[in-house]
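**Q** This is the structure I want to talk about, given as structure tokens.
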Amino acid sequence: APSCLRMKVLVLGCSSAMAMLFSLQLDPENTGFIGVETFASLVHSHELPLDPAKLDMLVALAQGNDEGQVCYQELVDLISSKRSSSFKRAIANGQRALPRDGLLDETGLGIYKRFVRYVAYEILPCEMDRRWYFYQHRTCPPPVFMAAVTLTQIIVFLCYGARLNKWVLQTYHPEYMKSPLVYHPGHRARAWRFLTYMFMHVGLEQLGFNALLQLMIGVPLEMVHGILRISFLYLAGVLAGSLTVSITDMRAPLVGGSGGVYALCSAHLANVVMNWAGMRCPYKLLRMVLALVC
């Protein structure tokens, strides 16, 4: 562990003398573990350029351990902004030493960072997780999936509206039902229709409702959980919709991305209910009732 730490410290841009200092002062007996108080005193005495937020996170990490210690790899992962599984467990189970309203006290933030803070309080139930997300959030990769799906739905709707000269109840137009995107149980052999029907909509009302929820709920979820998880969740909801129609009504055509929207709403609703005490999103009771009604 000490030799591994020395290599990591060198990678991080520290000198070989600093690597030796870490090895000798933090763990002179080569146990592979260090105490947070020892590390904090070393940081202050040698004026090491460590982000105070990371030091707070290190304290929270140690509080998840009965002996108040962390291993070298956890320390290296924290300094290099890699969130290890052990850190996640400590955040989930350990005590929080940070002030409850820490992020809300931040001043001088730009518009985007304020939005990131809003997303943190909207989605995450723990202050420690919110602070980690806020300080470690990167704009790359951006939340492109929900934006791309919504934009594609709008473009498809406008194309069919202009082609058919019909903007309300488009499904009543014979040419609309001939679209290769619409799902119908009679077309189950064309497997792509199980998903592509999400790009078609009945009219402006359905499109507007779905697009609004996709952007209001889907984008924050994608920013926190990533494109892979949210795209899988959304597409699973779309697929569940077409499969359900295949069972419940063999005569009904199906259009709209409502299946994916309901999957996003249900996931967010479940998160709010399961973490009710920790959620800081405003009007959460009213929002839960509205989500259930929808």
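Including glycine, each Cβ sits where the backbone N, Cα and C put it.
As listed in TrEMBL for this protein:
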type: SIGNAL; residues: 1-19; note: signal peptide
type: TRANSMEM; residues: 144-163; note: transmembrane segment
type: DOMAIN; residues: 190-290; note: domain 'Peptidase S54 rhomboid'
type: TRANSMEM; residues: 194-215; note: transmembrane segment
type: TRANSMEM; residues: 227-247; note: transmembrane segment
type: TRANSMEM; residues: 259-278; note: transmembrane segment
**Q** Looking only at the recorded stretches 144-163, 194-215, 227-247, which one has the largest tally of CB-CB distances under 8 Å to the transmembrane segment (259-278)?
**A** 227-247
**Q** Counting each residue once, how many in the domain 'Peptidase S54 rhomboid' (190-290) are helix, strand and coil under DSSP?
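**A** Going by DSSP assignments, the domain 'Peptidase S54 rhomboid' (190-290) contains 75 helix, 1 strand, 25 coil.
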**Q** Across the whole of the domain 'Peptidase S54 rhomboid' (190-290), what does the mean pLDDT come to? Round it, please.
**A** 88
